[in-house]
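Asker: The following block contains the structure, expressed as structure tokens.
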Ligand code: GDP
Ligand code: ZN
């Protein structure tokens, strides 16, 4: 975004869309204070609450309320910001918005306030994303984690590793100038130790960011299994509702059906897919195609098998479950066996979706997988993260591995390049080195007024 585009004044309703006692309209840009004046507000003192009557072009009062003025750079966006608090009527807020637009403001795009805050250096990118995550947080633990990311807990961890990489780059780049000498005569041991340290720090960061991502996104679990194994019944039992249609005609769950359930504050998305069965009619085959697609995006495949003949079930699903990151095997309908079976390993659970027996074990196992052992309150220092961040960390780690390999062969130029790429990957998290199109994609997913 160029400077002239940034210099205009934007406006949006900053409080939620629903009617409420108080509604807030927020302006950011150089015209903020003059527009407030145009509404009839008195001369606004910075950071003081002013009672005002907000007037239309013909002097008619639209609403009365409070006006607040935060001159840049000491404001959320870093620009002059005015907040108008009126009554939370959507009609009144709309009128206020339109009057401000008539006075020279422009309706803000989704995420544009946060984008300006980022562009003006008030927040880094991970912090700006944390604002959206905080607003969308579904429970206390996710909100706390987003709050910590907004405070910069995640960014500082990223910056720490980035700092280590900068030092290594400087060292290696300097050594390149003495190309004839092997690295070991140029403090190579120190560089190698530094690379090893950075790798460890990155590995820890990756684990924590992955946990943060699960907090934000929830564990994405997909239920699969042959027709009639009891997938829909299990989904209902887990969700405690009757949303999934349960029938005893094989192949009736043709569409995918999503259900999000919460276990100890962690979100678990279940997708009941069409029973996997080779052949079948066109609709059934489409369902199977979707099932495989779902599986590739899943953290966990919950494979439901009829305990009376699990082998037949395993054969029916083929390698579909292997596409998910992890698998959990549910031996269902154990109530129909003469004796309750002993599950063969920790990733298998014997249960009966019909009677509910064994369900608590499945719950416990899911809790464990979702939180990786973390308690319901979350851990100290736990922060929120996004898939994009986890991928960037993984990319940085891969480049660091390559850098280490190049160093082992005294290929200093190549090592320096790998270190640069690792550094760049981390820079994309905080937005120090982020392409414009990525910024556009990130901020457009925010809601208007944020
Ligand atoms: P899906 O095709 O895999 O989704 O299977 P459904 O959930 O539709 O179940 C198929 C049939 O098996 C239905 O008649 C269910 O009532 C029955 N069923 C599911 N789970 C159990 C169970 O644990 N025990 C018994 N006895 N029947 C079950
Ligand atoms: Zn079903």
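Glycine is no exception: its Cβ is also placed from the backbone N, Cα and C atoms.
Keep in mind that TrEMBL annotations are predicted by a computer and have not been checked by a curator.
Here the structure is a predicted model, which means the values were calculated and not measured.
As listed in TrEMBL for this protein:
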- 26, 83, 122, 450: (6S)-5-formyl-5,6,7,8-tetrahydrofolate binding site (BINDING)
- 228-233, 247-253, 272-275: GTP binding site (BINDING)
- 228, 247, 249, 252: K(+) binding site (BINDING)
- 232, 253: Mg(2+) binding site (BINDING)
- 218-371: domain 'TrmE-type G' (DOMAIN)
Asker: Expressed to the nearest Å, what is the distance separating residue 231 (GTP binding site) and residue 122 ((6S)-5-formyl-5,6,7,8-tetrahydrofolate binding site) at their Cα atoms?
Answerer: 49
Asker: Taking the binding-site residues 26, 83, 228, 231, which residues show a Cβ-atom distance to ligand 1 below 6 Å?
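Answerer: Cβ < 6 Å from ligand 1, in sequence order: 228, 231.
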Asker: Per DSSP, to which secondary structure element type does residue 26 ((6S)-5-formyl-5,6,7,8-tetrahydrofolate binding site) belong, with helix, strand and coil as the options?
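Answerer: DSSP call for residue 26 ((6S)-5-formyl-5,6,7,8-tetrahydrofolate binding site): strand.
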Asker: Out of 26, 83, 122, 228, which binding-site residues lie by ligand 2, with a C-beta less than 6 Å from some atom of it?
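Answerer: List returned for ligand 2: none.
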Asker: When you measure from the Cβ of residue 228 (GTP binding site), how many other Cβ atoms are you left with inside 10 Å?
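Answerer: 21, counting other Cβ atoms within 10 Å of residue 228 (GTP binding site).
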Asker: Measure the Cβ-based neighbour count of residue 122 ((6S)-5-formyl-5,6,7,8-tetrahydrofolate binding site), defined as the other Cβ atoms within 10 Å of its Cβ.
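Answerer: 19, counting other Cβ atoms within 10 Å of residue 122 ((6S)-5-formyl-5,6,7,8-tetrahydrofolate binding site).
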Asker: Looking at the binding-site residues 26, 231, which one has the fewest other Cβ atoms within 10 Å of its own Cβ?
Answerer: 26
Asker: In sequence order, what residues of the same chain, 6+ apart, have a Cβ less than 8 Å from the Cβ of residue 83 ((6S)-5-formyl-5,6,7,8-tetrahydrofolate binding site)?
Answerer: 14, 24, 25, 26, 27, 67, 68, 70
Asker: Roughly how many Å separate the Cα of residue 228 (GTP binding site) from that of residue 122 ((6S)-5-formyl-5,6,7,8-tetrahydrofolate binding site), to the nearest whole number?
Answerer: 55
Asker: To the nearest whole angstrom, state the Cα distance for the pair residue 232 (Mg(2+) binding site) and residue 122 ((6S)-5-formyl-5,6,7,8-tetrahydrofolate binding site).
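Answerer: Checking the Cα atoms of residue 232 (Mg(2+) binding site) and residue 122 ((6S)-5-formyl-5,6,7,8-tetrahydrofolate binding site) gives a distance of 48 Å.
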